[in-house]
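As recorded in Swiss-Prot:
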{"type": "BINDING", "residues": "ILE23, ARG24, GLY65, LYS68, THR69, THR70, GLU131, ASP132, TYR133, ARG174, TYR184, ARG221", "note": "ATP binding site"}
{"type": "BINDING", "residues": "THR69", "note": "Mg(2+) binding site"}
{"type": "BINDING", "residues": "ARG313, ARG318", "note": "DNA binding site"}
{"type": "REGION", "residues": "4-184", "note": "region 'Large ATPase domain (RuvB-L)'"}
{"type": "REGION", "residues": "185-255", "note": "region 'Small ATPAse domain (RuvB-S)'"}
{"type": "REGION", "residues": "258-337", "note": "region 'Head domain (RuvB-H)'"}
Amino acid sequence: MIEQDRIISAELKGNDRQVDRAIRPQALAEYIGQPVVREQMEIFIQAARQRGEPLDHTLIFGPPGLGKTTLANIIGNEMGAEVRTTSGPVLERAGDLAALLTNLNEGDILFIDEIHRLSPAIEEVLYPAMEDYQLDIMIGEGPAARSIKIELPPFTLVGATTRAGLLTSPLRDRFGIVQRLEFYDVESLTTIVARSAGKMGVELDQSGCFEVARRSRGTPRIANRLLRRVRDVAQVSGEVLVGQKVAQRALDMLSVDSQGFDHLDRRMLLTMIEKFDGRPVGLDSVSAALGEDKDTIEDVIEPFLIQQGFIIRTPRGRQVTKRAYEHFNYQLPSDFK
């Protein structure tokens, strides 16, 4: 997958999972950014603990790399509960989920990543478990088949997804708490980079932290990945204190520019400016000019460029904006609209 090959991919790659686990915050007090989510979760968790009840079932959604798994583990730590982790694709049969549910203790948290990928059969098992803490299972086959109910201890289901729109309404409606994680601002990411640098044993000054943060596309996972590469350059160069210049040199070497664009992003923008004169252009034409398939453009390259305001979609096709010309120090055509 081309997305997995990009240094600025927000998807898990290489040893991201191992590194993320080592440096992720363990409590809400250490959780940086997402102020609305943090404030709400502090209240919900404190209230549940005061009542001596499990936290309401919680859905966390947002783009990859923003800390959904981190927040799920923080919830477990704050509630003093054990977190049992699985994912939607892993739960292939109803029996898989039943085995997990029957092994939960009171107050435990069941964390299901990629919950939008649960099959309908699994969801049917989940509904009574979430609502009534009961497990309905069928024993036997044919006319002799019968349903039995197994009482479950009160627990909290925490679901995480990058695609909340794919959740079925019955499942979505059973979550009492729904939290959306937003992209991080540069200030929050700078603080995250400084914290991660300390955990990694890297001496990074404020300017170095800022340089990594502003090229990280609003995503902590990307920031931590870029930080590791900056650490490599500093180590080989014999730099003890890493400042802006060392960080710039490392990130320029990785072809990640000041906007967080890599070579694919820049190639698409330059193609639209130089070959199509900045005019609206169809997806087929862009695909042919870039030599990339349409799915790669729509799913991998284009979303961030649109989000940052460098490309817009018009009835006549994709078009670069004034910001794209400014980014490359190109003069706007006289007839640019």
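Just so you know, glycine gets a Cβ as well, placed from its N, Cα and C.
For the binding-site residues listed here (ARG313, ARG318), the lowest count of other CB atoms within 10 A around the CB belongs to ARG313. Applying DSSP to the region 'Small ATPAse domain (RuvB-S)' (185-255) sorts its residues as follows: 52 helix, 2 strand, 17 coil. Calculated from their C-alpha atoms, the gap between ARG318 (DNA binding site) and ILE23 (ATP binding site) amounts to 40 Å.
Cβ-based neighbour count (10 Å, all protein chains) for GLY65 (ATP binding site) stands at 26. With all protein chains in the displayed structure included, the most crowded Cβ environment within 10 Å among the binding-site residues ILE23, THR69, GLU131, TYR133, TYR184 is that of TYR184. Across the fold, the C-alpha of ARG313 (DNA binding site) and the C-alpha of TYR133 (ATP binding site) stand 47 Å from each other. In the three-state DSSP scheme, TYR133 (ATP binding site) is classed as coil. Taken over all pairs of the listed ATP-binding residues (ILE23, ARG24, GLY65, LYS68, THR69, THR70, GLU131, ASP132, TYR133, ARG174, TYR184, ARG221), the Cα spread reaches a maximum of 37 Å, rounded to the nearest whole number. For the region 'Head domain (RuvB-H)' (258-337), the DSSP-based tally of helix, strand and coil residues reads 40 helix, 9 strand, 31 coil.
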